[in-house]
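Novice: After the structure tokens below, expect a handful of questions from me.
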Amino acid sequence: MKIRLHTLLAVLTAAPLLLAAAGCGSKPPSGSPETGAGAGTVATTPASSPVTLAETGSTLLYPLFNLWGPAFHERYPNVTITAQGTGSGAGIAQAAAGTVNIGASDAYLSEGDMAAHKGLMNIALAISAQQVNYNLPGVSEHLKLNGKVLAAMYQGTIKTWDDPQIAALNPGVNLPGTAVVPLHRSDGSGDTFLFTQYLSKQDPEGWGKSPGFGTTVDFPAVPGALGENGNGGMVTGCAETPGCVAYIGISFLDQASQRGLGEAQLGNSSGNFLLPDAQSIQAAAAGFASKTPANQAISMIDGPAPDGYPIINYEYAIVNNRQKDAATAQTLQAFLHWAITDGNKASFLDQVHFQPLPPAVVKLSDALIATISS
């Protein structure tokens, strides 16, 4: 399987941070987390002095940080959390450069990434998923698609929606002869990381060999294909482009539905087709809690659960375990602990269609949070 290694921006003054998957499916990376001078009990309350925590990165996580930030500030008025949706690649780059406290990411750092940048950690915050949407006026059914067919659509070998390969998955559906217009992210994106892992796993001899997967890949040059910035850009671009197919983070499910986009049932490794609802996401995630390593770098794509949705993931805070001062370190610990406990309640997660971390994974996240120091 070809893995694209993505060098992150000139903002990094040290060795380049490589955004590559270290494993796929049930063979995750393993290893121990970096520990710092602050290893021990997690701070559950922030410092009493005014502290601002800066977050940037994943547009999939951005709506959740927009819920978490004000709620934490209401509880602790001396703490301000700023959030920006810039894409996972930018979030990781800025966390590595030390320009933000939290780099939000749908993609995990591999062992190689963490070895190159001592102190950077993956801290799982919640469980998310990715949907595949399309713009086909007159088609009301949830079309069935799988990774091999989607790979052919993104490679340009399936050119129209009435192609026999799509029709074979959707008997009885009146498919139009509309041209397929693949949409992909133009920014470094954890959503691209997830989607291209799915294509690579289900089409290992095709997409898996080239272009492979990563936060940025060389998408095939397909006539009419479009690049869009962020999940919001993907929703808007697809809504304005009949025939489009697009991969979009589940926190934008409501926006996609409001714009009239269709939502696909995706095929998993058992040959079952599912929508990304709470039941199918939780079923897929259940088998990974005991397999999650201490450094939390694990692919959850297309796992073995027959009733599991195939594109799920942990959403991560990419954090350096050394912060600029004790007040920032304490406050960052307190906020991240709150995020995986109180912040994992349905009152927050249901608004973005996320699922809570299993208790075993909360313990792993807390162990990493406890290492944050100054």
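Backbone N, Cα and C define each Cβ position, glycine as well.
The signal peptide annotation in Swiss-Prot covers 1-23. What Swiss-Prot records for Cys24 is S-diacylglycerol cysteine, and it gives sequence analysis as the kind of evidence. Residues annotated as N-palmitoyl cysteine in Swiss-Prot: Cys24. Annotation comment: Swiss-Prot describes 25-48 as region 'Disordered'. Marked as phosphate binding site by Swiss-Prot: Ser58, Thr59, Leu60, Ser88, Asp106, Arg185, Ser186, Asp187, Gly188, Ser189, Gly190, Asp191.
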Novice: Let me know how many other Cβ atoms fall within 10 Å of the Cβ of Gly190 (phosphate binding site).
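Specialist: Cβ-Cβ neighbours of Gly190 (phosphate binding site) within 10 Å number 31.
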Novice: Provide the three-state secondary structure of Gly190 (phosphate binding site) computed with DSSP.
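Specialist: DSSP assigns Gly190 (phosphate binding site) to helix.
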Novice: Which of these binding-site residues has the least crowded Cβ, counting other Cβ atoms within 10 Å: Ser58, Leu60, Ser186?
Specialist: Ser186
